[in-house]
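Quick look at what TrEMBL lists:
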type     : residues : note
DOMAIN   : 23-288   : domain 'NADH:quinone oxidoreductase/Mrp antiporter transmembrane'
DOMAIN   : 290-343  : domain 'NADH dehydrogenase subunit 2 C-terminal'
TRANSMEM : 94-115   : transmembrane segment
TRANSMEM : 152-171  : transmembrane segment
TRANSMEM : 178-197  : transmembrane segment
TRANSMEM : 203-222  : transmembrane segment
TRANSMEM : 243-262  : transmembrane segment
TRANSMEM : 274-294  : transmembrane segment
Amino acid sequence: MSPTTMTILISSLATGTIITASSHHWLMAWVGLEMNTLAIIPMISKQHHPRATEAATKYFLTQAAASATILFSSTTNAWQTGTWDITNMTSPTANMLLTMALAMKLGLAPMHFWLPEVLQGSTIKTALIITTWQKLAPMALIFTMSNALPTTALLTMAMISTLLGGWAGLNQTQTRKIMAYSSIAHLGWMAAITTIMPNILTLNLVLYLLMTTSMFYTLILLNSKNIKDMATSPTTSPTTTTLAMLTLLSLGGLPPLTGFMPKWLIMEELTTQNLTTTATILALSALLSLFFYLRLSYSSTITLAPNTTTTKHKWRFKPTINTTLLTVTLPTSLLMLPITPMIC
């Protein structure tokens, strides 16, 4: 793909997200979401591989269905209330349809089936965009409408997402699929607190973006596509591997790392609102996620000596990691580790 084409696509991604986040009219919000979808599809299918084409097709069909549902729900609300204002969603039917459509856009369970397959068929850089930047526009709509969305539906999807994200991630060996189920689990935590405390939702989203971006950049630097690649990474770059381990543990919510803070605040708020059952299910599902994070971090810290195997590993090749690039892309979430307990 030429640099000019890539520049146009990235500009379209940025423009679509800004239009959706800054609009008060449902038609403009829909236009921004469509720009996002149409800009990311060529980036997914640029490999000219059947798996990439399949991933692009699945992404397009899912996002098109979600966008059509958003347009239908907003039209239903406008028919009943006479306004297209995003903050004036008073129809229960329209709110439920909109919640389902935004859940499909984000990849919340039970509308999550497209996310692992699309990420596996994409490159790591494209998977990074799908799991981070593409979440901003739907999250902006959810934050704007947090008072109107049905709490019961969001809590139900939150519990399903966290349980499924932890349970399905146990059986994965591909790092992109592991990050996909990690995204599903984290989105479940965000959905649980959406209508109760939107400020904690914003904090959780920011930390999720930081940690996920850090982890994907580490995978790009180590060129790790599965657990076997992670197991051979210490011989290439021990420092980057150690940072990857800490970022994985932070994603799992292990105290006192950064990822523990939003989970602690969400559980505290749910308990305050007498939603102890939901808080318990979320806490138990976090243990499932933490297990495969620990497995992945454990496999990435086993140093393989050159004389212990006859298989060709990465240590046979000259490392090409740029020191300057490594310095710039160090996991930014690690900078917050010492102050996490004080913040909470």
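Glycine residues also receive a Cβ, built from the backbone N, Cα and C atoms like all the rest.
Automatic, uncurated: that is what TrEMBL annotation is.
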Contact call for the transmembrane segment (152-171) against the transmembrane segment (203-222), three or more Cβ pairs under 8 Å:
no
Any chance the transmembrane segment (274-294) and the transmembrane segment (94-115) are in contact, meaning at least three CB pairs closer than 8 A with a sequence separation of 6+?
no
